[in-house]
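Here is what TrEMBL says about this protein:
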DOMAIN    52-192  domain 'GAIN-B'
TRANSMEM  198-223  transmembrane segment
DOMAIN    199-451  domain 'G-protein coupled receptors family 2 profile 2'
TRANSMEM  235-251  transmembrane segment
TRANSMEM  271-293  transmembrane segment
TRANSMEM  305-326  transmembrane segment
TRANSMEM  358-380  transmembrane segment
TRANSMEM  400-422  transmembrane segment
TRANSMEM  428-449  transmembrane segment
Amino acid sequence: MGGYSQDHKKLNNSKAIKKLESILEETEVNETTLISVPDLVALLQKPPKISRRIEIYANDTQAMTNADVSNRVVRVQLPTELHARVNNTIVFCIIRLTNETSLKDLFDHRLIGLSVGRSVAGLQERINITINIASSKNKKLKPKCVFLNTTAEEFLISTEGCEEVEYNKTHVTCSCDHLTYFGVLMVSADLPPKDAEILFYITYIGCGISLFALVIAVLLFITNREVRGDDSKKIHISLAVALILLNIHFLPSQAVAAMSSELCLYVALLLHYSLLASFTWMGLEGFHLYLLLVKVFNIYVRRYLLKLSVVGWGLPAVIVTVVVISDKGSYGRTPLDSSNVTKVCYITDDKVKMVTTVGLFSLVFLFNLIMFGVIIKWFVGTFYGKEHRQSECNAAKKNIFILLLLMVVLGLTWGLIFFSLGHLNTPVLYIFCIVNPLQGFFIFVYFVFALKKTKGSATTQGTDTQSHTSET
């Protein structure tokens, strides 16, 4: 018994849990053997000679088959199909990971383990695990059934093959088609179905409007030579193209996820690339805005647009290439929410998502925020430190407002999602889903105003020339 006590105290990674599992599976038993030490309860059961359903009841110090125990925390129902497929000892255990911080949302730090000495998956008759959650302090959280992926060195959790079939304020029943170490995460409750449906339509309609407006903006840019000669417009149109690619690959992502894996891989990869390109051009917008307003007379960059394009399109390509070379499996089908019902084609690895997407956006957001402050300081110093005609001030304010609004809307609306701590509340989600599609629409409106301004200047210049000719 002392050996189990020493081994279970070292359960700080998946490899250690697998080692304990091997020790338990190799332990000699006649019919049923109970092992109980602090933070570990194990029940070793020989398969019944007659195929029948086995139920295991357990608390933190005791476990029994087909007989209830006091203060029960877990009940496991093993299907008859399992006994027909195994001859080895059935191992049931409860492990308390009291010193493990990486699984902070794991209810009561408790894992429920089931093993038979070999891999068992794809059971037609599923295993049901009912866990007592009455002691949960935060009643706003909902239980989520997960299992421990023991193929990795560190603790990794997954929901594949497991689902919540029933839960209330005191219990949750998890139904799984394989054997492993199970647990319950207490997570923020999903949106009410009505709100989720409304946000779904708002998002897709908004993205559709944004895509249409961006395409019109690109056509305006292509068909007007005066606009094509402006560096600022070229940078805006590069951002527009990145957002077009983002919307083109986002809108069908859910439908493609239900189709072929190869097509889903392509969509996921391009969706990641276009999102990174949008963030990169967002940062380049801030950089150009700084040069345009603050360093207007003091700087010249040779092949400026070429260098910006290398960064804007090249950096995302490098990041995506590195991810593909490292692990192509990082792209594919991934759940859109905690229900695991709706899936999209995107990044499947949370670490890759955090480092590449959130990491890049954090840098862009911080940079644009600094640029915003610098430009505001310049504006205050320039227009309130000197005397200007009212018409000049109004025109300057209008132009700066348009440029700043473009940068702020692009940055801060994404920031609502990326930098909100914990679960996003419903009003924030509505704001994000309504405002964010305005990126494309605002670029379209900006191009319309720019085109009118350019044509107005050309008309004025033509009128002045005609008047001068008449006088001559």
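Heads up, the Cβ atoms here are built off N, Cα and C, so glycines get one too.
Mapped onto DSSP helix, strand and coil, the domain 'GAIN-B' (52-192) counts 9 helix, 65 strand, 67 coil. Under the criterion of 3 or more C-beta pairs below 8 Å, with sequence separation of 6 or more, the transmembrane segment (198-223) and the transmembrane segment (428-449) qualify as touching. Simply put, out of 235-251, 271-293, 305-326, 428-449, 271-293 has the most Cβ pairs sitting under 8 Å from the transmembrane segment (358-380). A Cβ distance under 8 Å defines the sequence-distant neighbours of the transmembrane segment (305-326), meaning residues of its chain 6+ beyond its ends; these are 231, 234-235, 238, 242, 269, 272-274, 276-277, 280-281, 284, 288, 352, 356, 360.
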